[in-house]
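Undergrad: Once you've had a glance at the structure underneath, I'll fire off some questions.
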Amino acid sequence: MNQEQINTGFDPSPENVASKDSKALHLPPEMMKPSINGGDQKKKEDVEDNEPERAMWGNQIEFLMSCIAASVGLGNVWRFPFVAYQNGGGAFLIPYVIVLILIGKPMYYLEGAIGQFSSRNSVTIWALSPAMKGTGYAQSLGCGYILSYYVAIIALCLYYLSMSFQSTLPWAVCQPEWKDCVPSDLTEDINLTENSTSSAELYFVKTVLQQSEGIEGGLGAPIWYLTLCLLASWVVIFLIVARGVKSSGKASYFLALFPYVVMIILLISTAILPGAGDGILFFITPKWEKLIELDVWYAAVTQVFFSLSVCTGAIIMFSSYNGFRQNVYRDAMIVTTLDTFTSLLSGFTIFGILGNLAYVLKKEVGEVVGTGGTGLAFISYPDAIAKTFQPQLFSVLFFLMMSVLGVGSAVALLSTINTVMMDAFPRIPTVVMSAICCSAGFLVGLVYVTPGGQFILEIVDYYGGTFLILFCAIAEIVGIFWIYGLENFCLDIEFMLGIKTSIYWRFCWGIITPVMMIVVFIYALISYEALVFGGYYTYPTAGYVSGYLMLLVGIAFVPLVMILVMYKNRTGNFWETFKQSFRSKPLWGPRSTATRHEWKLYKQEAIAEREKLNTTWLTHIWLSLSNNYQHRI
């Protein structure tokens, strides 16, 4: 075994050549141009005889629209404006953009490229390093956690949408049994006391949710009208995903573009309202002293990370249906930039409305801001809408936009799980698998439409959504760049797209992004505080135990699968077993048999050239990061 084999643990024989870091070589001219229409590739790509044919997008635009619909979701509307306001206003854009460049874009490009290169889902891509396959299972579980409550939020949006067609908005007026209630449609002669509560808040808590005081006495039975809205949400999602990408691709045009139409209409309508300008200025006015606080940078990381929907498996899944030569680099740059633009657009719209509310109430904008999340969508914004000159119109547009945004992201999450299941059970028709997944999702979602459902939603989101996905991100980037190999991955991209990977991407993938993610995760653990619902309710011990179990079950997939794979590959020598378990499978690579053969020959040539250098381990790392292998050979 030569020095190179000792350093990497890889055997550069033809059957294992896919598992060896290698330098970037020149491609033949016919390989240099990415496909303009990814759909054309399906006519050219032959696969193994025993593999079922994999569906593909009708054209490249369908993939782009699906990614936009997935990444631009509810978080852009109800989370970003308030995260920005709480963390320095306009000054927050500085850490936000920095984190977007150093974490958001690299992670999105990584997932788009790896999915397109392999035509595999978020679980089976780990043929590149089988011992890390638990990462894929953990991502799928986290995706299921998020999807379970995400559709319940869509159900609330549908309920409010249906109520918006009444001559008087039901949350604009008080009911006789509500004490200290202030009608949300009042614009003058408003008498507020210390215990005053808006009718919009009371309507949401007492009428819509019928929220209980806690979960000690149980969750209660599902509320019938929310159950119907939940069922309607799942039916809509099922109709979109019933035929896989063939149906979801067509729906993506509406899911991606319609929210922008509504958002622009709302922004224009909002901008002409008195006080709207003050609200927008309040949103973008920088508080520079916030930049030195670690919490602000942590907030920027989490906002960018979860806004783009990376590390849930959705981007890998969508790109796996691309043609092999499609320009996924361009698509990744478009989506990540558009996502940021959407967050700013929604911030202007939301704070414009709140500025008008402050003007009407003769208060400062900061006094009417309230909180983000469901508090914004179903309390603060409806309260502001009730005071506008056309409350029904504003309400219909807002909740229709929220519903479509939610469906777009839910389709991506469900399609991720659907794809994993269909690849595992290829003989089951897509429509049957979709029906099974949607039925299961509906049954689980009934938990969230009970009087105690919002308490459970917070637990699942906090432990199953935030912490678990953050852990999966670290495992994913370590598995691909520190185990499979940075130079290896960059060579795969050059073979696929015909473009060289710059120093920016290499340093982000190899050092900056994983280190930042690890620091953020450690900071989150150190600064951890027990979850408190609504700032007042402390969960019983069983609630916190359930949250930790959700998190630990997901995390446990990674070490358990490692142990299982090492046991299956045991050789009697620990080091040999270790190398064999983390080495790529022989079938790893492009799905097409012919393309995979070309790729293996391409990498075999690269390895042969690199072996002539006889580099040390540290030199290899530096040459990989600095993109200098091509200059040394």
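Note: Cβ is positioned from N, Cα and C throughout, glycine not excepted.
From TrEMBL, for reference:
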REGION    1-51  region 'Disordered'
COMPBIAS  1-10  compositional bias 'Polar residues'
BINDING   Val72, Asn76, Ser307, Leu405, Ser409  Na(+) binding site
TRANSMEM  92-110  transmembrane segment
TRANSMEM  142-161  transmembrane segment
TRANSMEM  223-242  transmembrane segment
TRANSMEM  254-276  transmembrane segment
TRANSMEM  296-319  transmembrane segment
TRANSMEM  340-361  transmembrane segment
TRANSMEM  393-416  transmembrane segment
TRANSMEM  428-450  transmembrane segment
TRANSMEM  462-486  transmembrane segment
TRANSMEM  507-526  transmembrane segment
TRANSMEM  546-567  transmembrane segment
Undergrad: Take the transmembrane segment (142-161) and find every residue of the same chain, 6 or more past its ends, with a Cβ under 8 Å from one of its Cβ atoms.
TA: 74, 208, 225-226, 229-230, 232-234, 237, 311-314, 374, 377-378, 382, 395-396, 399-400, 402-403, 406-407, 409-410, 413-414, 416-417, 441-442, 444-445, 447-449, 453, 456-457, 460-461, 464-465, 468-469, 472, 550, 554
Undergrad: So, do the transmembrane segment (296-319) and the transmembrane segment (92-110) meet, by the test of 3 or more Cβ pairs under 8 Å (sequence gap 6 or more)?
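TA: In contact, yes.
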Undergrad: From the centroid of the CB atoms of Val72, Asn76, Ser307, Leu405, Ser409, the recorded Na(+) site, which same-chain residues not already listed sit within 8 A by their CB, in sequence order?
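TA: Filtered neighbour residues, in order: Ala70, Ser71, Gly73, Leu74, Gly75, Val77, Ser309, Asp339, Thr342, Gly408.
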Undergrad: Should anything in the same chain at least six residues away from the transmembrane segment (92-110) have a Cβ under 8 Å from its Cβ atoms, list it; otherwise answer none.
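TA: Those are 83-84, 286, 290-291, 296-297, 299-301, 303-305, 307-308, 310-311, 315, 328-329, 332-333, 335-336, 340, 473, 477, 480, 505, 508-509, 512-513, 516-517, in sequence order.
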Undergrad: If you count Cβ pairs under 8 Å, which stretch among 393-416, 428-450, 507-526, 546-567 touches the transmembrane segment (223-242) the most?
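TA: Ranked by Cβ pairs under 8 Å, first place goes to 428-450.
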Undergrad: Please report, as numbers and ranges, the same-chain residues at least 6 past the borders of the transmembrane segment (393-416) whose CB is under 8 Å from any CB of it.
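TA: Tertiary neighbours of the transmembrane segment (393-416) are 66, 69-74, 76-77, 121-122, 140, 143, 146-147, 150-151, 153-154, 157-158, 160-161, 164-165, 169, 233, 236-237, 240-241, 244-245, 248, 251-252, 254-256, 258-259, 262-263, 265-266, 269, 309, 312-314, 317-318, 377, 381-382, 385, 434, 437-438, 441.
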Undergrad: In the same chain, who gets a Cβ under 8 Å from the transmembrane segment (254-276) while lying at least 6 residues past its ends?
TA: 65-66, 68-69, 72, 240, 342, 345-346, 348-349, 352-353, 355-360, 388, 394, 397-398, 400-401, 404-405, 407-408, 411
Undergrad: Which residues does Ser409 (Na(+) binding site) neighbour through Cβ under 8 Å, counting only same-chain ones at least six apart?
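TA: Those within reach of Ser409 (Na(+) binding site), by Cβ under 8 Å and sequence separation of 6 or more, are Ala69, Ala70, Ser71, Gly73, Leu74, Tyr150, Ser309.
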Undergrad: In sequence order, what residues of the same chain, 6+ apart, have a Cβ less than 8 Å from the Cβ of Leu405 (Na(+) binding site)?
TA: Val72, Gly73, Leu74, Asn76, Val77, Pro259
Undergrad: Using a cut-off of under 8 Å between C-beta atoms, tell me which stretch among 428-450, 462-486, 546-567 contacts the transmembrane segment (507-526) the most.
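TA: Out of the listed stretches, 462-486 contacts the transmembrane segment (507-526) most.
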Undergrad: Which site among Val72, Asn76, Ser307 has the most other CB atoms no more than 10 Å from its CB, taking these as binding-site residues?
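TA: When each Cβ's neighbours within 10 Å are tallied, Val72 leads.
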Undergrad: Is the transmembrane segment (546-567) packed against any residues at least 6 beyond its ends, judged by a Cβ distance under 8 Å, and which are they?
TA: 130-135, 137-138, 141-142, 145, 459-460, 462-464, 467-468, 471-472, 475, 531, 577-578, 581
